[in-house]
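Copied from TrEMBL, the annotated features are:
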type	residues	note
DOMAIN	8-100	domain 'Acyl-coenzyme A oxidase N-terminal'
BINDING	T107, G146	FAD binding site
DOMAIN	243-404	domain 'Acyl-CoA oxidase C-alpha1'
ACT_SITE	E389	active site, proton acceptor
DOMAIN	442-625	domain 'Acyl-CoA oxidase C-terminal'
Amino acid sequence: MQKTFKNEKILFAEPLFQCDGLAGFTRSELYENAIHRTLRINQLKKEHNWTQEDFDIAIRCLNYEVGFVIHLSMFIPAIERLATDDQKAKWLPLAESYRILGTYAQTELGHGTNLMALETTATFDPRTDEFVLRTPQLSSMKWWPGSLGKTATHAIVLAQLIIGNKNYGMNPFMVQLRSLEDHMPLPGIIVGDIGAKLGANSNDNGFLILNDVRIPRENMLARNSKVTKDGRYIQTSTNKANYATMVLVRLSIIRWAEDTIKNGSLIAIRYSAVRRQSSLQAGGPEMQVLDYQTQQYKIFPSLAASYALFFTYEAMMKEYEIAYAQIMRGNNQLLGQIHGQLSGLKAFASDLVTYELEMCRRSCGGHGYLKASVVGETLLHTLPLVTVEGDNTVMYLQCARYLLKQIAKALAGQDVDEPTSYLKKDILSYTCPVQKGEHCTNPNYLLKIYTQRAHSAIASVARQLQFDLESGKDQSSAFNNNLVSLVQAAKAHCQLCLMKNFVESVSALERTCSENLASVLRQLCLYFGLHGIVTASGEFLESEAIGLQQLEWIKAEELKSLAAIRPNAVALVDAFDLHDQTVMSALGRYDGNAYQHLFEAAKREPMNQTQVPPAYYKYLRDLIKGQPLAKL
Ligand SMILES: CCCCCCCCCCCCCCCCCCC/C=C/C(=O)SCCNC(=O)CCNC(=O)[C@H](O)C(C)(C)COP(=O)(O)OP(=O)(O)OC[C@H]1O[C@@H](n2cnc3c(N)ncnc32)[C@H](O)[C@@H]1OP(=O)(O)O
Ligand SMILES: Cc1cc2nc3c(=O)[nH]c(=O)nc-3n(C[C@H](O)[C@H](O)[C@H](O)COP(=O)(O)OP(=O)(O)OC[C@H]3O[C@@H](n4cnc5c(N)ncnc54)[C@H](O)[C@@H]3O)c2cc1C
């Protein structure tokens, strides 16, 4: 599942990467530890001639608990995508050698989603051939960018370009924030950390106020548009190309989601295999909780999601690379498709894993509430994914907007993109594919059900929008009246994509892997499909892709699938090939000694380093001895 990291032994031989001790770290300690780790991984990369992929896998092995995440995942990719060749030649070597440390400063205190309303301005001054950057009011200050608080020496600042009295929209500008001599903020720059978060506290997300900061004209990243010395704005590509960095990170978030749900399902399944509690026969031996049907019902969805997201990431990475190669050659034909697909899938993947991670945590009982179980920490660390790189609702709506355009093309007899080719079918020509119970044991039949449900959801909201418009509603009212259905249609399309990628990937693997493995993967794929229908049965019934009889068969088959997966559940998470130090959980260790590791973790608890707590001498001693307490 995860390309086995041949360098694991090297990485985890160093105490710096042994994660047991992170509990109890202060924010400053977490921050320093994260920086130390990334720079040490960089040294290991040089010492052992690791590839960039090895470097990325090392960071994933550490669950992204490293420094410079935005520098690596946004600042550098943004230069690659938004800068001219000359600008790349200047800035990339500095960024790649960490001579400058960057962030991607787009979101403001007052706006994150609505990029058109960003308030930061970059006003061209032809007298000095400079841009003057300004955050005009409190709500304009940049707020959230990672590494902005204490680390970044430079930021790619997204600002409204003003020439004369005209606003040319959001454009990217390279702005130096701190001195490269003493790291002090430069004149006009007010910068700092925005404070503690629910998780990911090693990251110094920051704020930035720009008070008439002047930068040379050449600091506008000018691949897609530029300003001439005499103040003319020349657009060389669609201004949406300036959004390209976000598309890449949305793809990376799908992989981040895959990595975290693998951790969660591994912990839950391994712990459920060793935890014995109660029994179904009076006086009988206590059962492995993994044998309870309800426990399987709680945690096998995370197992199936791990594989579904793995296959979807692989498929989307190929789709992205094709689109990106064309875009970098100036051909934006696939820009809309890749944006629509990745907006929706980033949202669906992050929604899916945050839900299933909580189910994994709950399945561990009381111990799931301990930091040492790590499932809760993983959830806290994953929660931002439903917001970063675009709030999920907004991302679903972008996907829905793409789907509406595609179905309009289909209905007009025009070509549509491959991911939406199913929309070419006549919506009235669908017949329920599952005519007998045994059809529910074939993922290909289920795929037809998902296809019909997605097509029905998109066609239905398109019709409703058309009806509202023809009834006299203006565009924005018609849209706002149908946002819930638009999100539902986008989710239906995304769930179809996951199922399609799962079915096609298993089908491709069958041609090369053993029948035993093929059978296990087919079973998991089948379960993923069955469970998805059961959990959204209302929508599937509404689409007429299934009736009550089919739903009855599907529910029965889903429960049978649980029992079929049970014998291979532990092997399926072992197949993730995750090092104990990656999983970090006392409940999910490969040796299965959960209780011993829990106790070891408790003994490392800082409070246990002394037998008698300081509070005893301040408060408890007099209390226990019945002596009057001094005034508190
Ligand atoms: C990457 C690997 C590196 C490896 C290095 C080592 C490893 C390092 C660490 C591991 C990597 C981890 C990776 C994950 C890191 C995650 C960190 C995240 C930190 C967070 C960062 C951020 O949050 S950055 C800020 C993100 N902000 C947003 O996403 C804002 C959301 N809002 C918008 O995008 C837009 O406002 C909008 C899309 C909602 C609206 O756009 P607009 O206002 O322009 O109006 P329209 O809706 O009318 O759109 C017009 C038109 O444009 C098209 N369009 C919109 N967006 C895009 C796009 N992104 N791309 C292409 N086209 C786009 C839209 O479809 C419309 O087209 P029409 O043809 O007109 O219909
Ligand atoms: C951990 C973390 C790291 C981040 N790192 C960075 C970074 O490095 N660089 C950066 O620039 N930004 C960063 N961000 C900011 C992030 O990109 C924004 O928070 C995100 O884009 C959401 O925007 P918002 O916060 O303005 O939410 P809002 O858009 O204000 O969302 C509030 C509510 O309004 C709803 N809503 C908003 N618009 C619409 C609409 N059109 N239709 C329907 N509903 C709508 C949303 O669904 C949501 O429920 C980070 C955020 C977090 C949490």
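From the backbone N, Cα and C atoms, a Cβ is placed for every residue, glycine too.
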Residues satisfying Cβ distance under 8 Å from T107 (FAD binding site), sequence separation of at least 6: K142, W143, W144, P145
Integer Cα-Cα distance in angstrom, G146 (FAD binding site) to the residue listed as 'active site, proton acceptor': 12
Spatial neighbours, same chain, of the residue listed as 'active site, proton acceptor' - Cβ under 8 Å, 6+ residues apart: M246, V249, R250, I253, K346, M395
Cβ neighbour count within 10 Å of G146 (FAD binding site): 24
For the domain 'Acyl-coenzyme A oxidase N-terminal' (8-100), residues assigned helix / strand / coil by DSSP: 69 helix, 0 strand, 24 coil
Reported mean pLDDT - the domain 'Acyl-coenzyme A oxidase N-terminal' (8-100): 92
